[in-house]
Amino acid sequence: MNRDIQTLIDLISSSSNIVAFTGAGVSTESGIPDFRSSAGIFQMDGGGFPPEVILSKTFFDKYPDKFFEFYKKFMVYSDVKPNQCHLALAKLEDAGKLKAVVTQNIDNLHTIAGSKNVIELHGNANKNYCVKCNKKYDAQYVLNSIAVPKCDSCGDIVRPDVVLYEEMLDQEKLYNAKCHIRDADMVIVIGTSLVVYPAAKLIKYFEGDKLVIINMADTPFDASAMILLRQKAGEVMKQVVEGLKL
Ligand code: CNA
């Protein structure tokens, strides 16, 4: 085990109010691409449109067929399982160490892994609703639909309950996440480029010094981290769980 992972274990041992702040990088080891890695969604073919344009509210309203063609290929996740990182965070919560997972992910994997206090800043792809009558649908309904998913009650469009580009984040969730991070005695940032705002700004509310970043690439917050681990999140967190005998 390398020295930084041992330090991480020691920091966790001496903490009791940890918050994990996660991004798409925690789910790549489950087989879901992130946005910005070399094999990420931003490198994929959007039929002539950049993915961040396709995943915007304007595009969704204008070209729902093209939106769902892309979204069903890359953004609805079925048959995926939590990996060592998701499972480790659930164990840390069970052990009374971790108080919340604040995630930018929409894949539901923290909850499937057993984490209870999960703040999903960008929503959840497993939740979908009719834009007219608000009837609820699961991800399978969207995946099974031909072209644009339509409500079986009123016939209007069924959309994912996720935050698209140009849309506001839920202010209550944002405030809740901010309070957790402000009050934490340790924050572990995992698998996020920390460039998507306003989510990334939340890190600025942390008042302590035990900031750990586990990410394969540089982030704008690296200089503030007490420990920086450029390793796969699942591999690091597996060793953490073993080291803590959880
Ligand atoms: P991002 O900008 O793609 O950054 C991901 C980061 O994770 C990159 O810096 C990678 O180097 C790093 N990374 C990749 N794999 C690993 C690994 N195994 N271990 C450690 N680090 C790794 O994604 P962000 O989450 O920062 O950006 C926020 C967007 C991405 C949110 O709006 C999400 O909804 C959106 N997104 C979510 C998912 C998902 O729910 N799984 C998938 C793709 C995109």
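Quick reminder: no glycine exception, Cβ is built from N, Cα and C everywhere.
Quick look at what TrEMBL lists:
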DOMAIN    1-246  domain 'Deacetylase sirtuin-type'
ACT_SITE  HIS122  active site, proton acceptor
BINDING   CYS130, CYS133, CYS151, CYS154  Zn(2+) binding site
Neighbourhood of CYS154 (Zn(2+) binding site), C-beta criterion under 8 angstroms, separation at least six: CYS130, LYS132, CYS133, LYS135
Whole-number Å value for how far CYS151 (Zn(2+) binding site) lies from HIS122 (active site, proton acceptor) (Cα to Cα): 23
Neighbouring C-beta atoms (10 Å sphere around the C-beta of CYS133 (Zn(2+) binding site)): 11
Contacting recorded positions, sequence order - HIS122, CYS130, CYS133, CYS151, CYS154 vs ligand 1, Cβ under 6 Å: HIS122
Chain-internal residues near CYS151 (Zn(2+) binding site), provided their CB is under 8 angstroms and they sit 6+ positions away: CYS130, LYS132, CYS133, LYS135, TYR137, ILE157, VAL158
Cβ-based neighbourhood (8 Å from the centroid) of the Zn(2+) site, residues CYS130, CYS133, CYS151, CYS154 excluded: VAL131, LYS132, ASN134, LYS135, ASP152, SER153, GLY155, ASP156, VAL158
CYS154 (Zn(2+) binding site) in three-state DSSP notation: coil
Cβ atoms near CYS130 (Zn(2+) binding site) (within 10 Å, other residues, all chains): 20
